[in-house]
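Undergrad: Would you mind keeping the following structure in view while I ask a few things?
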Amino acid sequence: MADSTRRTPDTWPAVPATTDATGRAADGVTAKAPHAATGPQDDTVTTGMRIAGAWSWRFLVVVAAAAALYWALGYLSEITIPITIALLLCALLNPVKRLLVRHNWNNTLATVVVFVGGLLIVAGIITLVIEQFVAGSSDLATRVGSGLDTVQRWLVTGPLHLSQSQLDNYVTTIKNAVTENRSALTSGALTTAGAVGRVLTGLVLTLFILFFFLRDGKHIWDWLVRLTPRRARTRIHGAAERAWWTLGGYVRATVLVAFVDAIGIGLGLVVLGVPLAVPLTAFVFLSSFIPIVGALVSGVVAVLVALVTVGLVKAIIVLAVVIAVQQLEAHVLQPVLMGRAVHIHPLAVALAIASGVIIAGIPGALLAVPISACANAAVKYLAGRETSPADSKDRVERALERTPHGSRPVGATVGSTGSTGSTGSTGSTASTASTASTASTASTASTATAPRGEGDTPATGRSGRRKR
């Protein structure tokens, strides 16, 4: 008579020959199925090698997908970059629009007021900067010439003790280099003109997208959520809400930090009589949106302009002002304002900026940190390390069921069917908030103390599957 028990390979425990429909053996011992094999079994290949092979081909698939995504984003950069910038601006302006809506303003009217008001503010700042630059350009040219003469005299009489002939040779070398590369400079200018046209096109597209993000952002997001699998909608919505909260906090904190930097350094330039103080202040404000690198570049430019226009002593004072403002930013403003919304190590910030520059140039440097911050927040939420305002499944269902044009509520398909008023399999109405005392009348029969499974939400622990 054959043995009633099958034997698996040496690495697996014995499995009873007969089991019932529930997977329990005839003698009451639960059958254990062996782990899925990674490929055809070969006694000459060790288990470690099979595991390494399984990881290797999966890694190659991920790398290929990342390369395809990189190619697609680069190919569609004239669309993806305006969309991303519009999201940043929407995160900045949306609280103002929501405030107007809460005061009984029509949604479209509030959007138009916020949109036009933002455009007028930006246009006014740009006009002021251009006027100041044009008014001070002639004086700047005179001061730059005088400053260069001062620098040349310092190079001759200072500690370097360069001779006038050496300086003349350096100047001649620079002039010859410019003459030899005139064609390259001309083609670069033509390329720059074409780039300006693309920038203007992208600007118009950004404004167009921004208007509809402000007006219909929630409806657009609800439509996107309805494209995802039903069991994943709650977690996707929660991760996106956490990322959106992080993005809004980052943008508002960055604007405030940039404003403080610009005011501090701008006041120093005005007091010291540095020409083009207003354009330099605007440059400091814009460069502050690039963490670490922007502050360094704007500070160097301000010091160099002061050096060639007002002399060495005042340039040193400008340098001291720049360092003081940047220390205030690093030790007070950044931890207090941005620490609550963005939790990224400085090394990760530097690597993100470098990657953004390599991938997309200056736009990549501007967008690298907010994208990294949003991805970090979403991953932490999905991993269960952080919570989101959308953690409550009931709250998500109520929020998503308010969709336009009478479309089917999104939340009704998430977790269980009871929240929409549908009846259970026994004819009784089920609710997603039901407890064990009412489980006999509901088809979901889930309780708050049930163990979490696949599709559970982090706050409630209720499964998205029906239990039979």
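Quick reminder: no glycine exception, Cβ is built from N, Cα and C everywhere.
What you see is a predicted model, and the numbers here were worked out from it, not measured in a lab.
Taken from TrEMBL, the feature region 'Disordered' covers 1-20, 390-468. Per TrEMBL, the feature transmembrane segment maps to 55-73, 79-96, 108-130, 195-214, 255-286, 292-325, 346-369. What TrEMBL lists as compositional bias 'Basic and acidic residues' is 391-404. Summarising the annotation, TrEMBL assigns compositional bias 'Low complexity' to 411-450.
Explain the structural surroundings of these features, please.
TA: Cβ atoms under 8 Å from those of the transmembrane segment (255-286) belong to residues 92, 125, 128-129, 132-133, 136, 139-140, 143, 294-295, 298-299, 301-302, 305-306, 309-310, 314, 317-318, 321-322, 324-326, 328-329, 333-334, 337-338 of the same chain, restricted to positions at least 6 beyond its ends.
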Undergrad: So which residues does the transmembrane segment (292-325) touch in its own chain, when a touch means Cβ under 8 Å and the partner is 6 or more beyond its ends?
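TA: Here the qualifying positions are 140, 143-144, 147-148, 150-151, 154, 260-261, 264-265, 268-269, 272-276, 280, 283-284, 286, 346, 349-350, 353, 365.
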Undergrad: Below 8 Å between Cβ atoms, which of the listed ranges 55-73, 79-96, 108-130, 195-214 makes the most pairs with the transmembrane segment (346-369)?
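TA: The listed stretch sharing the most Cβ pairs with the transmembrane segment (346-369) is 79-96.
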